[in-house]
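Per Swiss-Prot, the features are as follows:
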BINDING   T14, T15, S16, T268, G311, Q315, G412  ATP binding site
BINDING   T14, R18, T268, G311, G412, N416  ADP binding site
BINDING   T14, R84, E85, Y136, D246  sn-glycerol 3-phosphate binding site
BINDING   R84, E85, Y136, D246, Q247  glycerol binding site
Amino acid sequence: MTEKKYIVALDQGTTSSRAVVMDHDANIISVSQREFEQIYPKPGWVEHDPMEIWATQSSTLVEVLAKADISSDQIAAIGITNQRETTIVWEKETGKPIYNAIVWQCRRTAEICEHLKRDGMEEYIRNNTGLVIDPYFSGTKVKWILDHVEGSRERAKRGELLFGTVDTWLIWKMTQGRVHVTDYTNASRTMLFNIHTLDWDDKMLEVLDIPREMLPEVRRSSEVYGQTNIGGKGGTRIPISGIAGDQQAALFGQLCVKEGMAKNTYGTGCFMLMNTGEKAVKSENGLLTTIACGPTGEVNYALEGAVFMAGASIQWLRDEMKLINDAYDSEYFATKVQNTNGVYVVPAFTGLGAPYWDPYARGAIFGLTRGVNANHIIRATLESIAYQTRDVLEAMQADSGIRLHALRVDGGAVANNFLMQFQSDILGTRVERPEVREVTALGAAYLAGLAVGFWQNLDELQEKAVIEREFRPGIETTERNYRYAGWKKAVKRAMAWEEHDE
């Protein structure tokens with residue numbers, strides 16, 4: 001029998017599908033990536049073609065093995081991590097989607113959300129699903145498809161249609177329609193799942209008129225769900241044995257599996273999650289309560305806060321403001337000045353996320369004087385990412401009563417040393433940047449590997465988690481508080497800027 005030397009992680013993201021091969025020491029052996037089309041049928045609407053998601057993801061899987069010259073019988077298991085909330089409904093018989101995937105960013109269900117608020121559902125939804133009422137989550141998207149595709153609700157009741165988030169869709173395709181499952185982390189983002197009873201919530205299904213028959217079975221994040229045959233050399237059947245939504249996978253990949261450990265992912269936006277162990281902490285500060293993975297992939301809970309504009313504000317400096325040619329230049333220009341000369345940039349281009357949740361806030365630059373130049377504005381834009389992260393962390397500490405000792409970081413913007421140092425300064429906390437930057441794929445690989453005994457336990461993985469650089473606070477508390485107070489003042493003035501129709 002061929003030795004099982006590798007784990008494959010499939011990382012199905014918002015703009016691309018990736019496959020990553022890892023060895024027993026968690027080294028990345030090979031990566032393959034394919035982008036796919038973003039479909040914008042109307043302003044504020046975002047769709048993907050589910051068949052293209054499948055085509056790009058399945059081809060990266062074949063490609064990544066060919067690239068590394070690995071045969072499929074050397075693969076111990078496959079783990080899947082995915083863009084969360086994105087919603088697909090397909091025919092059980094043919095495997096054909098009845099509509100495009102409605103993406104997490106899509107705002108088309110705002111009206112359904114307004115109805116839920118008017119019907120007084122906010123408290124129920126917060127208490128039982130851990131979420132706020134927002135078009136972001138899957139529940140209202142499923143309702144929209146059933147409302148708009150003729151005859152679909154009746155077909156769903158007859159068991160002819162299936163719903164799934166992207167993980168569920170991929171596993172259905174990989175197992176030729178034999179397995180219809182999701183995991184607790186993805187289920188917790190649907191607004192249809194009771195995070196306390198760990199079952200689909202009958203009241204939510206009733207309110208949104210979604211037949212239970214179309215929902216997947218919900219399982220742990222680390223167990224064998226089914227087998228797939230990916231052909232290639234060997235043509236062996238490989239267990240699919242790990243699933244987690246992208247942010248929860250990153251939390252696990254950073255080994256934040258104990259209560260009070262937190263990570264922040266700096267991508268287009270920032271996603272910060274803090275593990276709260278076995279207790280679901282209800283937020284009084286605008287955060288979400290969500291399910292995360294404990295040390296063996298069992299259910300833990302986490303608080304989550306999302307910042308809408310992180311890397312996106314650096315892209316704005318580059319593409320719209322033309323102040324930099326490349327995102328990497330931002331660090332160089334930011335360090336050409338000692339400070340921002342009193343300038344604050346509030347990048348509320350699409351409103352503000354946690355903990356403010358103000359869709360009517362708009363971007364602003366405050367504190368301009370004649371002495372302000374482009375470098376000050378670049379620096380202030382980078383600093384805004386760190387300030388927004390502190391906003392979320394303060395909310396987490398208030399909700400959980402846990403004081404954070406270190407923040408683990410990942411995502412594209414963590415390569416910026418200026419930003420990471422300022423993040424540590426403004427939090428007054430250590431910031432730890434890992435050697436392996438692919439922590440989302442790493443999380444999926446860990447979950448899959450633990451389920452099949454490729455790794456025995458997390459202790460084995462702890463040794464492999466190398467911190468490449470640690471940033472420590474370099475400013476005094478008074479200075480930190482003074483700067484943060486300026487930020488709070490700026491945010492206050494940017495809020496409620498857009499008129500909203502009463």
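A Cβ is built for glycine as well, from the same backbone N, Cα and C atoms used for every other residue.
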Between the C-alpha atoms of Q247 (glycerol binding site) and R18 (ADP binding site), the distance in angstrom, to the nearest integer, is 16
For ADP, with binding residues T14, R18, T268, G311, G412, N416 per the record, max Cα distance (Å, no decimals) returned as 24
DSSP, reduced to three states, assigns T268 (ATP binding site) to coil
For R18 (ADP binding site), the spatially nearest of the binding-site residues Y136, D246, G311, Q315, G412, using Cα atoms, is D246
Here the binding-site residues are E85, Y136, D246, and the Cα closest to that of G412 (ATP binding site) is found at D246
Spatial hits near R84 (sn-glycerol 3-phosphate binding site) (Cα distance within 10 Å) out of the binding-site residues T15, S16, T268, G311, Q315, N416 come to none
Cβ neighbour count within 10 Å, max among the binding-site residues T15, S16, Q315, N416, goes to N416
Between the two most distant Cα atoms of the glycerol-binding residues R84, E85, Y136, D246, Q247, the distance in Å is 15
Cα nearest N416 (ADP binding site) among binding-site residues (T15, S16, E85, Y136, T268) -> T268
Listed in sequence order, the residues of the same chain lying six or more positions from D246 (sn-glycerol 3-phosphate binding site) whose CB sits under 8 Å from its CB are D11, G13, T81, N82, Q83, R84, T440
Ranked by how many other Cβ atoms lie within 10 Å of their Cβ, the binding-site residues G311, G412 are led by G311
